[in-house]
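Trainee: The structure's right below; bear with me while I get my questions together.
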Amino acid sequence: MLGSNTFKNMQRRHTTLREKGRRQAIRGPAYMFNEKGTSLTPEEERFLDSAEYGNIPVVRKMLEESKTLNFNCVDYMGQNALQLAVGNEHLEVTELLLKKENLARVGDALLLAISKGYVRIVEAILSHPAFAQGQRLTLSPLEQELRDDDFYAYDEDGTRFSHDITPIILAAHCQEYEIVHILLLKGARIERPHDYFCKCNECTEKQRKDSFSHSRSRMNAYKGLASAAYLSLSSEDPVLTALELSNELARLANIETEFKNDYRKLSMQCKDFVVGVLDLCRDTEEVEAILNGDVNLQVWSDHHRPSLSRIKLAIKYEVKKFVAHPNCQQQLLTMWYENLSGLRQQSIAVKFLAVFGVSIGLPFLAIAYWIAPCSKLGQTLRSPFMKFVAHAVSFTIFLGLLVVNASDRFEGVKTLPNETFTDYPKQIFRVKTTQFSWTEMLIMKWVLGMIWSECKEIWEEGPREYVLHLWNLLDFGMLSIFVASFTARFMAFLKASEAQLYVDQYVQDVTLHNVSLPPEVAYFTYARDKWWPSDPQIISEGLYAIAVVLSFSRIAYILPANESFGPLQISLGRTVKDIFKFMVIFIMVFVAFMIGMFNLYSYYRGAKYNPAFTTVEESFKTLFWSIFGLSEVISVVLKYDHKFIENIGYVLYGVYNVTMVVVLLNMLIAMINNSYQEIEEDADVEWKFARAKLWLSYFDEGRTLPAPFNLVPSPKSFYYLIMRIKMCLIELCQSKAKRCENDLEMGMLNSKFRKTRYQAGMRNSENLTANSTFSKPTRYQKIMKRLIKRYVLKAQVDRENDEVNEGELKEIKQDISSLRYELLEEKSQATGELADLIQQLSEKFGKNLNKDHLRVNQGKDI
């Protein structure tokens, strides 16, 4: 019984498999396209074949003569005749089909022609009545589908491209300059997507309905906006548009991390476009137009120096190839040696002598500039190179003062920590130690001068721009620590002076050895070993040491000026960034083992051979110095026979050393090596970009004199102050007059005079608007038009010089096929005409022969 059931089950399974195989065989490999609705008549099949292969005579004849032909019929793939003709670049067939009314899927044919770059077919389709209003060019296929029809549909399943792809977006994606120009003239535009965090109803609804489609639509729009074809032809200022768009795309790369690579690629595409336009400049005028923007709207300084707004923007957005481009660097170098044109071609020795001369005569040069800032010498000192040299010399002197201030302790201090030393018997010891020396007084003057310079920079740039530069933060920290150090030192001096005043008033003895003083006074007579840990002088000395370290580290700021040291400084900065990234993992591992080891050994304080791990502080010190091999294994050994605790300590300590030293430190070394290799591979661009940032900080007007010479205001400063006060008073008077006029106009609101005046004002504003609309292009616009024209021509030439690909070979094949059908048609027409002529001749000759035969017969009869 069991065997019979098993046999029946196996037989049923084989029957099922045979039926399934039979169904698959019936469906065949093209089952997906064998739908009932796609059956065609022989006439329709011939019509579609003729449209596909460019048989113009057959298509024309069938469209003109056939009464039953459905010219919107589709093949097995769902394509109609128009789509087949466009896909195979048959212009004449397309023009014949476009003459028919109610032609379907014209929009998809347009998208197909754009994707293949068929310019003439695009022009023919755009002349179709469906595009008369131009509204269809601004709507996406999805919006068209929601409104009325399948205008952009590939088949009944939808469009062949994404639902958000408009013709102008597709043309921009394909870098079709001519098609983009045609669509722009038709009024098509690419709408910039809303901000990523936009909460409007439209964005909220799209995000809720399909977040993926919403993100893809944003990506497609940005691809169109970032294309060189659209940037070149749609914007009045393509350079500014490309720079701002590159920054926006770089910001989106950090926000939409799932599309990070795509956004970074688009951002780099915008940067390459700007570099390409700059590369096409042929003279200084064009380079200045690129670097400064619209020169007619540019605010020039009193000394006729441009603001270099585009370079500042490129540096802010880190468009390094643009800033490091030879055209840009040559212009910056010319401005760098402004008023010193002869020095640029001199040797290094001559330049060194010039720097040495400035170092020696800096005080005298400062006095000369105070007296005559507009003289030839003043103009020379205002040149960026001389400003850089003056500031570098001033800072070098400041560092020298720091060294001199510590020179008296190079061989060790004379007074030990447990000793005191005074100038006279009744002098308080702390009065002598807290007094400021002459070098410290000079250092304070330099610090005040640098603080004033930083305040002016904050005033000119604004706090937001100021904090974006790391060197500004370093300067701010260094100066703040110096101020805190000197403040603490001054507070200690005040307290010591108060103690000295008490001694001078109330102590009558000659010395202070046997005098009983109040505790608050006696404290200032103690040696250093008895000072409180929170003593202001101790805090001052600690802060001063930190400030000195930061001061010497600031030398790296001027290193990019040198070609040899510049790349090293850049590599050092990148290394610091890698260390900060590494610190996240390092701190996580370090804290984990520190807390674990502390919990393990905190109960054994006094029961170990050293105090390691018995407190949090000792745990930190032991683990930190263990990284550098300065901790001993005995740190985990106990005096008691608690082997379990010791074994766990050995294991944890060993795992820590393996993790930190073998794994993490080697990973940090690999990261640093990788960063250095990246800098070395593009060292020239990185160095020139860093040098341009350094140069640009000296191009702005003002801050000519370095610290501490900038503390004394020059006559020019008083003149600028008076002019600024004058402008403020004028603006105040004008605002009051305008307010009074507005009050008067409000009183005459219902009068006839008010109405007449309002109408006259409206007419004047309309005239001004019309004049501004039809005004002549500015010099900057002419230059940009010239450059963009070169860029477009170069792009087209580069595209034509590419190798012939498979698509172009297919186009040639289709053209030959169309030509063959045309020749066959002409041959058939010629053959028909020849047959008609032969028939006519035969008929004519037949009539003549009959007449001759009759004459002969009549003659015989006669």
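Any Cβ shown, glycine's included, is placed from N, Cα and C.
Given the structure is predicted, the values throughout are model-derived calculations rather than measurements.
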Trainee: So which of ASN339, ASN418, ASN514 shows up as N-linked glycosylation site in Swiss-Prot?
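Mentor: Checking Swiss-Prot against ASN339, ASN418, ASN514, the N-linked glycosylation site entry points to ASN514.
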Trainee: Using Swiss-Prot as the source, do VAL576 and GLN840 end up on the same side of the membrane?
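Mentor: Checking Swiss-Prot: the two residues are co-localised relative to the membrane.
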Trainee: Give the nonlocal contacts of the transmembrane segment (582-602) in its own chain as ranges (CB under 8 Å, at least six residues past its ends).
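Mentor: Answer is 608, 612-616, 619-620, 622-624, 636, 645, 648-649, 652-653, 655-656, 659-660, 664, 667-668, 671.
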Trainee: Under a Cβ pair cut-off of under 8 Å, which of the recorded stretches 352-372, 538-558, 652-672 contacts the transmembrane segment (466-486) most often?
Mentor: 538-558
Trainee: May I have the DSSP-based helix, strand and coil counts for the residues of the topological domain 'Extracellular' (603-651)?
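Mentor: DSSP composition of the topological domain 'Extracellular' (603-651): 26 helix, 2 strand, 21 coil.
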Trainee: Apart from its near flanks, which chain residues at least 6 from the ends of the transmembrane segment (538-558) lie with a Cβ under 8 angstroms of it?
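Mentor: Beyond its ends, the transmembrane segment (538-558) has Cβ neighbours at 388, 392, 395, 398-399, 402, 471, 474-475, 477-478, 481-482, 484-486, 488-489, 492, 531-532, 569, 572-573, 694.
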Trainee: Checking distant contacts: for the topological domain 'Extracellular' (373-383), what same-chain residues at least six beyond its ends satisfy Cβ-Cβ under 8 A?
Mentor: 303, 337-340, 365, 390, 701, 704-705, 714-716
Trainee: What is the average pLDDT across the topological domain 'Extracellular' (603-651)?
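Mentor: The average pLDDT of the model in the topological domain 'Extracellular' (603-651) works out to 89.
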Trainee: Per DSSP, what is the residue count of the repeat 'ANK 2' (77-106) in each of helix, strand and coil?
Mentor: 16 helix, 1 strand, 13 coil
